[in-house]
Amino acid sequence: MSVSKVKMPWLPASWFTHLLWILSLVSRSSAALPSSQKCDEALATPLPHNAFTSSSVFSSGYAAGYAKLNKRGGAGGWSPLDSDHYQWLQVDLGSRKQVTAIATQGRYSSSDWTTRYRLLYSDTGRNWKPYHQDGNIWAFAGNSNTESVVRHDLQHAIVAQYLRIVPLDWSGEGRIGLRIEIYGCPYWADVINFDGQGVISYRFKMKKMKILKDVIALKFKTSESEGVILHGEGQQGDYITLELKKAKLVLQINLGSNQYGSILGHTSVTSGSLLDDHHWHSVVIERYRRNVNFTLDRHTQHFRTNGEFDHLDLDYELSFGGMPYSGKPSTGNRKNFKGCMEGINYNGDNITDLARRKKLDTSSFRNLSFSCVESHTSPVFFNATSFLELPGRSDHEVASVSFQFRTWNPSGLLLFSPLADGTLEVGLSEGKVSVHINVTQKKNTRIDISSGSGLHDGQWHDVRFLAKENFAMLTIDGDEASAVRTNTPIQIKTGDSYYFGGYFRHTGPAPIQRSFQGCMQLIHVDDQLADLHAVEQGKLGSFENVSLDMCAIIDRCMPNHCEHGGRCTQTWDSFSCTCDGTGYSGATCHTSIYEQSCEAYKHLGKTSDTYWIDPDGSGPLGPFRVNCNMTEDMVWTTVMNNLPPQTSVTGSSRERRTVLQLNYSASMDQVSAITSSAEHCEQHVAYSCRMSRLLNTPEGTPYTWWIGKGSEKHFYWGGSGPGIQKCACGIERNCTDPKYYCNCDADQKQWREDSGLLVYKEHLPVNQVAVGDTNRPGSEAKLTVGPLRCQGDRNYWNAASFNTPSSYLHFSTFQGETSADISFYFKTSAPYGVFLENLGNTDFIRLELKSPTVVSFSFDVGNGPVELAVRSLAPLNDDQWHRVSAERNVKEAVLQLDQQYREVRPAPSQGHTRLELYSQLYVGKPGSWACLDSAAGGQKGFLGCIRSLKMNGVTLDLEERAKVTPGVKPGCSGHCTSYGMYCRNGGKCIEKYNGYSCDCTSTAYDGTFCTKDVGGFFEAGTLVKYNFMPENTAAVASKDTKGLSRNVAPEGNLTREDLAFSFSTSSAPSILVYISSRTQDYMAVVLRHNGTLQIRYNLGGLQEPFTIDVDQRNLANGQPHTVNITRVDRNIQLQLDHYPPVSYALPDASDTQINLVKTLFLGKVFETGQIDPVLIEKYNTPGFVGCLSRVQFNGIAPLKAALRSRIAAPVSVQGKLVESNCGASPLTIPPMSAATDPWHLDSAGADFPFNEERVIPDGVNRNSAIIGGVIAVVIFTILCTLVFLIRYMFRHKGTYHTNEAKGVESADNADAAIIGHDPNFSETIDESKKEWFI
């Protein structure tokens, strides 16, 4: 026996008390059941034989009356004459009943049974409605033999008098066979028929009602798409209206707007669609103050009304069925409701019963009826293989056709008729109705007309077409004014057949389109209404695959499965979501395209910038922009506000404070998401005052306060804390007046200031500041509230370590019925393990590491298990972090690994869509250990770490649960194995409890990832000196090597050098780098007089130093250039800029080591001992002028050490050195062509000739040349002077001196001295702060 799933609607906990009151009211409804009665009676068995009818019978012994469960009368059940899809079995229950279940059997002792069927129901035996479940016309699973009973409890009960079972599939061994039982109970409710004129007025006991809570319940059915169901209003502008608009239900409530219009109370909510189907629909409106539950046919919307008022103020009455007649001209041209209502209940009063007993005013009705007048329309349902053929008058000179249709498809064939001498086609094309007439009698004549737009909106649309001699007219929705007419000369002779909804014959002319998916009704041919019952009985026309007396249209966009504002569009069979501009992606716009925090962006290798973040992922909070500042140790998230700095405040007093409202670049809910997950938050506030008191005393009422999160008032100021009504100076005891705890409280005429950081993050951000002491003469205040700054993201690093195969964490049941997403990081060295699992009765969801390279996502929503698996090319048990994200919705399932491997599985078009789970969520092991000891491949517990586990936007607190769970530890170490690659340029990854940081100490770089160049501007005469050996080291080889830097050989001799730097200059000659020794050995990089680069080695064994002239270009061109030199013994490799490396070799006679390396110089040499006189004479004066940056020699960063006072190193500076990275700017000169590229030459050590003398062609006048030369020299001198002045004026901007800052003796650190000395200092100082990244 199978049981269909039943799901109760969910309501917030805050509604629970309210619902108890509601249930007490509903229990009094006449349509409700006694609580002791279970609605599970057998309804079919007691019925007489003639209550069963069918489409046909095989013979008298197979009649429908024998189709009772477990009965053996006749031939043991019902079987039709033909086993095809046109057969049905119908039951008349005698009166309307509430049906809760259905059971089936095959025909007794036979090979006949039904394996799949549909259930239709109706109040009248006409206008059938198919049973819907999970958004589809449901197909029930039937029998697999003759005797077993298969029962299905309906997911939602139905109320009907007639039931019809339509077999879809049956036994392959026999034919259709069926016995049934229907389960349910009696149903009764007062019914009122509204004729579109009458209105029921429910008068209040008092003239004016001030209503705090309402419960309104009713059922309605109608064939109209417009009409007011209920309305009430008050003279103060309050109102409540429930009405149909375009067959959708619209609830409008206004609890009050103020007279200035600044508070607007109007609230409008829409629910449902296709409500003009003349079937019953249930509505419940529950309001308590501003909270409203609006339920239509089991789908509930929860919302809060706009405005700030709680009461609904109504005057006199509440009207049902339309607007009350007031003698005033009606507004909005609203129609009254036309149709039926039952079970109308308002706050416990049964309105229909009161109307029946004439306790209410019904005088506006012409003829009040308490029975429902049924619709006489008979809809026809077409699928893609259907057609309906109706006869017409042949050889007639007038073609007249009209009908109504509704569909979701933009295109389809509505009508096709072969004429006596041509064709007539009426179709839907891109939402327009198009008519094509082709007459071939004498000469080909074609008429094409179209009208309407957007007619594929699911609404009923009326089409009327008339064609006669020299005239044709197409009218849509009765709009004669916009009817399309043509007077093209044409003569029509009609045929004898009209095909509606499809034409599949292959003889004769064919229509442009072949089929139609949708419904039609009120079909007229030759101005005669088609008798569809005669068609069904075979007396008129023909049809195929058509469902008569039924319109099975489904609105797949209601409820809307497109989340986060995604736009839903649909066809007859499916829907799709457009997510453009929402910040989300996926089939239902469920998954955020942004990271959850600045912390997450950092770990993708991003640097400081403005980013969009989405802290709750797929949750209700939308994405928003923040500033992310990635420092070496911490990540700061900054949210700006709109309060200008130093905002002036005047005219305020304690009695009438000036309230300054702050608006942030994110909503308060979004900001709260940042503060709640942050490690630390702060916000700087400053109150500048002149005769304006701030707090006054710790005991008294403060003059000024601020309001933070939760709209709480706070009486402390920056630098203090909650419960301490003081300012920072009061805490530090250094206020201007010791009698007060704030500088401003001294009430002095001089400008004072109280400022500091607010750091209690549960109170942040500052939303309002109320200032209360600026109304006295001379009193003034200026307020500054800085941006909110938060550091860290605990959710991102929330982790747990699973140390044994049996360890696990458990959480409450995962709620992801129609849309579920799960994401997390994991690291493990185990080959397999279950990450998490949650079970239901048969449903489940599981994520698992199935093998060292495979992650699987499996689930079952009632259609059978589904498994998605992604395979990694590299092993996943490498003890590095890997990211898994899985999503499952009504459209598809997606599994993604490391944002690289991905599998997508579409959901079946028919079947269950709701994931219903009941067990706890288990993290780290399967939900049941039954399979633990199974054969190989069974599920195992997970060993390793899981981090940042987020399910439907909610981060599970693994750490908190792990603290109280044996075998599981909070946190996880080893982040550098996954993120160490982001530490560049030799930076060292340092483990943190929550993350990592990059140690750039031994590199020539700074910054979060050691990618920020460190460089300096050298003025003439400036040099940097780095000592490899202490000055007192002997001139011979010493065994004491404590003074040697690392990567220098212990004995002070070098056989390998790795030198890298960047430079830019416009001056030559100069020495860029010089490495001396206590012998005559040295290495130098110089710029020659012509600006070319030369490398010089003097290692002994040669009479002259070995030189490499690198390039024939002038590199003193003001552009940045990069040099990389590596020597190992005799082999030298050199790379300049972006060109490929070139190899050189020392001569065989040369020595291969620098003996007793002593000092490294940058910019100029100032050395004692033996120095190459050529270097001193040619290149050392006046010294290098320009920029050097990212200088690194054998693991030493001498320039960075000189510029960073916090780095202890044997380095000194002479002259003025200004920090700048101008030597590492992007290369802007064009690359050399291949023809002149020296790096393409193979001759190692080749000397490139360069003539430094200017060659003057013969025949040029010598005097002219001299005069021109003098003029050029004068101009050049003037330009050089201007350049020198400009450089002198701007040399200090944006930089600071590292060796000449005044006031350093009294400063706490170098930065303080620099800031105090240089007023133009504007470099970011965050790097010097002592910050902790946890």
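Cβ coordinates are placed from backbone N, Cα and C, and glycine is handled just like the others.
If you look up TrEMBL, you'll see Cys945-Cys972 marked as disulfide bond. For Cys945 (disulfide bond), applying a Cβ distance below 8 Å and a minimum sequence separation of six or more within one chain yields Ala799, Ala800, Ser801, Phe802, Phe826, Lys827, Thr828, Cys972, Gly974.
Marked as domain 'F5/8 type C' by TrEMBL: 31-185.
What TrEMBL records for 191-372 (among others) is domain 'Laminin G'. Each residue in the domain 'Laminin G' (191-372) has a pLDDT score, and their mean in this model is 87.
Sequence annotations record features per position, and here TrEMBL assigns domain 'Laminin G' to 377-551 (among others).
Note on the domain 'EGF-like' (553-590): residues 132, 135-137, 271-274, 277, 299, 381, 406-409, 458, 517-519, 612, 614, 618, 622-623, 818-819, 821, 887, 889-892, 894, 909 of its chain, located 6 or more positions outside it, place their CB under 8 angstroms from a CB of the stretch. Sequence annotations record features per position, and here TrEMBL assigns domain 'EGF-like' to 553-590 (among others).
Among the features that TrEMBL reports, domain 'Fibrinogen C-terminal' is placed at 589-641.
Taken from TrEMBL, the feature domain 'Laminin G' applies to 798-972 (among others).
Distant neighbours of the domain 'EGF-like' (973-1011): 599, 602-603, 605, 607-608, 630-633, 679, 792, 794, 797, 827, 879-881, 945, 1060-1061, 1189-1192, 1195-1197, 1199-1200, 1207, 1327, 1333-1334; these residues of the same chain sit at least 6 beyond its ends, with a Cβ under 8 Å from one of its Cβ atoms. Summarising the annotation, TrEMBL assigns domain 'EGF-like' to 973-1011 (among others).
Here TrEMBL flags 1025-1222 (among others) as domain 'Laminin G'.
Marked as signal peptide by TrEMBL: 1-31.
Residues or ranges marked as transmembrane segment in TrEMBL: 1265-1286.
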Problem - Paired segments the domain 'F5/8 type C' (31-185) and the domain 'Laminin G' (798-972) in contact, 3+ CB pairs under 8 A - result: yes
Completion exercise
Students should find that the Cβ of Cys972 (disulfide bond) has, within 10 Å, a number of other Cβ atoms equal to 24
